[in-house]
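Swiss-Prot lists THR55, THR73, ASP96 with the feature Mg(2+) binding site, giving similarity to another entry as the kind of evidence. Residues or ranges marked as N-acetylmethionine in Swiss-Prot: MET1. Annotated phosphoserine per Swiss-Prot: SER15, SER20, SER24, SER105, in sequence order. Summarising the annotation, Swiss-Prot assigns region 'Disordered' to 1-36. Taken from Swiss-Prot, the feature motif 'Switch 1' applies to 64-78. Per Swiss-Prot, the feature motif 'Switch 2' maps to 96-113.
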Amino acid sequence: MDPSAALHRRPAGGSLGAVSPALSGGQARRRKQPPRPADFKLQVIIIGSRGVGKTSLMERFTDDTFCEACKSTVGVDFKIKTVELRGKKIRLQIWDTAGQERFNSITSAYYRSAKGIILVYDITKKETFDDLPKWMKMIDKYASEDAELLLVGNKLDCETDREISRQQGEKFAQQITGMRFCEASAKDNFNVDEIFLKLVDDILKKMPLDVLRNELSNSILSLQPEPEIPPELPPPRPHVRCC
């Protein structure tokens, strides 16, 4: 996921001070320019019931890999990917949360700093769709009111086993102010990039112009260091988005 620095071996029999023939005669080796630093650092959290494919979506986007039998996430995990949108370089930190209820006290601490929230259900398992109101309560209780929301019906590759229609997903999203909806397949890599890039684009659209012009800004998009201990939970929000 994170790019690693390349390691160069010393030629056999050579020395650190040796000059290759190609560099003789006054020629100098050009130094490789360091990569441009990110203009913004931004956190996104993926939530949803166990087994809906949250980890698979994250790993497909960050590493372009897919695991048929991924182990359930314990607590939280994260990956980082740098993307470029609207002429800006964004370092995107994606938090993958456990779907089991016993981890809620841990994962809830990561909602507050998320500027985007991806809520995932499995189109082949009605119970994961029925759990969506529970996850919305978590969002309303812990997340920022300004967080962008995206509902994703995953496992579109299992169309023949579908239990939740696209219309049902769209109807649920329409009841939530500002929530977008799409269906995807981590296995077939369908709509995966679009999920994350559209979410980031929506976040950037809401940023003030003076913030967008300020490179390496310490604005509200700044990414905080990965906490070893979950941060203090924010107070409950004054109202909810849905019943």
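In case you wondered, yes, glycine gets a Cβ from its N, Cα and C as well.
There are 22 other Cβ atoms within 10 Å of the Cβ belonging to ASP96 (Mg(2+) binding site). Cβ neighbour count for THR55 (Mg(2+) binding site) (all protein chains, 10 Å cutoff from its Cβ): 22. Mean pLDDT of the predicted structure over the motif 'Switch 1' (64-78): 64. Following the DSSP three-state reduction, the secondary structure of THR55 (Mg(2+) binding site) is helix.
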